[in-house]
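What TrEMBL says about this one:
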DOMAIN    1-567  domain 'SecA family profile'
BINDING   Q80, G98, E99, G100, K101, T102, D486  ATP binding site
DOMAIN    82-219  domain 'Helicase ATP-binding'
DOMAIN    396-572  domain 'Helicase C-terminal'
Amino acid sequence: MRQNYDDRKIVKQYREIARQIVKKEGLYKNMDQAELCEQTNFWREKFKTKPMTERDKVNIFALAREAASRIIGLDAVVVQLIGALVLGDGKVAEMKTGEGKTLMSLFVMFIEVMRGNRVHLVTANEYLARRDREEIGQVLEYLGVSVALNESGLDKEQKKAIYTADVIYGTASEFGFDYLRDNMVRQKEDKVQSGLDFVLIDEADSILIDEARTPLLISDRKEEDLSLYHKANELVEKMMKDDYEMEEHKRFVWLNDAGIEKAQRFWKVDSLYSAEAQSELRITMLLMRAHFLMHKDKDYVVLNDEVLIIDPHTGRALPGRRFNDGLHQAIEAKEGVEVKEESRTLATITIQNYFRMYKKISGMTGTAKTEEEEFRQIYNMDVVVIPTNLRVNREDMQDDIFYTKKEKGRAIVYEVSWRYEKGQPTLIGTSSIKSNEWISGLLDAAGIPHQVLNAKNHAQEAEIIAKAGKRGMVTLATNMAGRGTDIKLDPDVHKLGGLAVIGTERHESRRIDLQLMGRSGRRGDPGFSKFMISLEDDLLEQFESKSWEKLSAKLKRKAPRDGKPVKSRKIHAVVVDAQKRLEGANYDIRKDLLSYDEVIDLQRKMVYKERDLLLERNKLGVSSEKILREVAEYSFIHPSDISEEELEIYYSRQKELLGGTKFPVSFDQVTLMEPREVVEEIVSWHKNERNKFPVETIAAIEREVYLNLMDQMWVMHLDAMVQLREGIHLRAYGQQDPLVMYQKEGALLFEKFQADYHFYFAHALLELDPDGLIQG
């Protein structure tokens with residue numbers, strides 16, 4: 001990606017500062033480690049009371065540069081320092097693969113620690129977190145900065161120790177899950193995660209954009225009639241194309257009139273949209289998504305009778321992760337494996353909303369400029385393209401476009417075979433396991449030895465990628481498997497043209513294509529890249545455009561079938577247009593997810609804030625008497641002109657409040673009393689009972705009961721919000737805006753949640769017995 005004018009201006013400003021840092025090379029040369037640590041302590045203390053100047057920044061960078069030179073033998077060059085300065089200003093630094101992003105991270109982390117901030121460094125997986133913690137962590141530790149690795153599977157005490165470190169390495173999901181778990185604890189001292197000061201995200205596009213469609217969930221099992229999934233599968237397997245409409249690129253499928261009639265006959269219901277048929281409708285829609293929108297060996301893989309999600313951007317299987325809201329169960333029914341119970345959400349947050357809680361956020365990646373609008377809109381971050389230290393020496397060819405996949409396959413084998421014969425290593429990128437295995441079969445038939453990397457053997461990823469630059473090596477990998485791992489070339493490979501990258505399909509996102517190309521030509525090495533695609537590829541097959549349909553039909557009619565690439569500028573334009581449209585559609589999906597999550601995010605913050613106050617004070621924030629009075633008034637005091645039906649609702653509420661409690665007045669007597677008199681009697685009786693307990697004991701009991709009820713009701717509320725979201729989605733084709741409906745109805749559900757846990761808390765207060773226990 002070429003720099004634009006704004007980037008060049010920004011880089012020019014930073015370049016001068018970077019040169020000043022390099023000129024300070026001798027400043028710390030003669031100091032021993034103890035003296036360097038003294039410098040670290042000096043800066044830490046200084047910025048507790050004074051702001052950091054540009055001169056301070058130059059000296060601090062020079063200190064870190066000297067330590068890196070000593071410990072890992074790397075002298076940061078000007079472009080790496082420019083990148084670090086960009087990160088320090090809360091931006092995304094786009095730096096080409098192999099240009100030294102890992103070393104660049106050292107400087108911004110060190111300077112943030114000097115400012116008194118706790119730093120979280122987020123990587124794409126635990127392997128990279130461990131690797132970078134070992135390499136850069138030793139430099140930071142040499143300077144007296146504490147460093148830790150946040151891994152999954154650690155106990156509470158280990159986690160607490162980790163979060164005391166100045167710099168903590170880990171994955172987005174592990175940091176996010178720690179946050180959610182912290183907001184489920186019952187004691188303040190059980191929390192592990194400290195303040196969210198500064199986060200630096202490696203592979204920022206992958207984490208902040210690609211993973212943003214999957215919210216983080218902590219869940220348990222939910223009781224459900226699983227036989228409905230198998231039954232719905234029978235219905236959907238019999239469906240014809242005339243029974244439904246579909247927009248695959250938007251991931252939408254819905255029943256038309258014919259399909260609705262068929263479904264109503266199958267389920268034996270008068271209306272599929274009636275309250276009685278809600279479960280049947282929901283599970284039918286899930287099975288339709290599973291059959292028509294979710295594809296085996298592309299979206300998921302079946303291994304050992306288990307459905308595993310495939311990360312669409314890395315090609316890796318994700319053991320332990322399940323599609324939510326019943327979709328995973330639907331796929332299990334489709335594939336004929338055991339349908340496991342659907343999970344019930346206990347706590348959830350999106351990647352976007354988790355990282356937006358940090359006071360400061362910055363990111364680095366090899367590809368971000370194409371997503372600059374999204375970084376600005378969602379995270380308020382600009383993207384700055386950092387120039388390369390050495391000129392990119394890779395030869396990027398125009399796409400070869402073929403009429404059919406069969407012709408494309410033959411051409412790929414020919415391209416790979418002559419490069420293999422001369423010993424040039426070749427990396428072949430595929431978009432799915434299915435195409436990965438298809439190409440592998442063609443190479444086997446041609447007698448070309450090769451190594452395969454896909455979701456079925458991801459455990460060998462680092463080992464396979466490490467060999468990919470060896471002479472004569474042919475590597476077949478799904479998407480960006482091995483991203484973040486260096487492909488080192490054998491010394492004699494340079495004269496053969498370096499690593500050749502062959503893309504077998506254009507991805508939905510241009511960014512993923514650029515990442516694949518970026519595996520070759522690192523640090524000034526020679527390299528080659530070319531995409532070999534066909535008119536039958538998924539990208540073009542699902543592209544909806546009348547002009548393209550006409551052009552495609554015309555090309556196929558006139559196809560000479562000589563196996564040579566199509567010569568047409570129009571097709572190249574269509575490919576770019578298709579990618580832009582799909583990028584836009586995917587951005588809309590992520591924005592849509594965020595818009596819906598912002599409704600629950602506000603609710604989540606209110607609940608978590610109240611929880612924190614409870615844990616902090618070790619008692620209720622308001623008096624139990626006040627809550628009891630409000631609930632009693634809500635239950636007994638009503639307008640005089642209400643209907644019989646409304647009066648019955650009040651009676652039911654009154655019975656539920658007083659039923660099974662220690663309150664000494666019978667319900668028959670209560671009905672003869674004035675409503676205000678009942679309220680005062682309830683409050684007065686509770687006050688007398690409460691005074692029989694030691695102050696600390698009753699405060700602890702009330703806090704524990706209140707917290708327990710709030711947590712239980714919050715889980716039920718989350719489930720209600722999930723059901724609401726699914727129902728709103730089914731109404732998306734009506735006249736009303738589904739998001740506005742979700743906001744309004746979600747607010748009403750939240751009011752009900754708050755009223756419910758106050759009501760049941762009031763009921764519990766009336767169950768207090770003389771021994772200070774809560775019965776029931």
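Backbone N, Cα and C define each Cβ position, glycine as well.
All annotation found in TrEMBL is predicted automatically rather than curated by experts.
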Of all the binding-site residues here, G98, G100, which one's CB has the most other CB atoms within 10 A?
G98
Cβ-based isolation winner (fewest other Cβ atoms within 10 Å) among the binding-site residues Q80, T102:
T102
Within the chain of E99 (ATP binding site), which residues six or more apart in sequence place their C-beta under 8 angstroms from its C-beta?
V79, Q80, I386, T388, N389, R522, R523
In sequence order, which same-chain residues at least six apart have a C-beta under 8 angstroms from D486 (ATP binding site)?
G98, R522
Enumerate the residues of the same chain, Q80, G98, E99, G100, K101, T102, D486 excluded, that satisfy the criterion Cβ within 8 A of the mean position of the Cβ atoms of the recorded ATP site; list them in sequence order.
M95, T97, L103, M104, R523
Long-range neighbours only, meaning 6 or more apart in sequence with Cβ under 8 Å: which ones does K101 (ATP binding site) have?
G83, A93, M95, D202, M364, T365, G366
Residue counts (helix, strand, coil, in that order) that DSSP gives for the domain 'Helicase ATP-binding' (82-219):
68 helix, 26 strand, 44 coil
Q80 (ATP binding site) in three-state DSSP notation:
helix
I'm checking region-level scores; what's the whole-number mean pLDDT for the domain 'SecA family profile' (1-567)?
89
Largest separation between Cα atoms (Å) of residues that the record links to ATP, namely Q80, G98, E99, G100, K101, T102, D486:
18
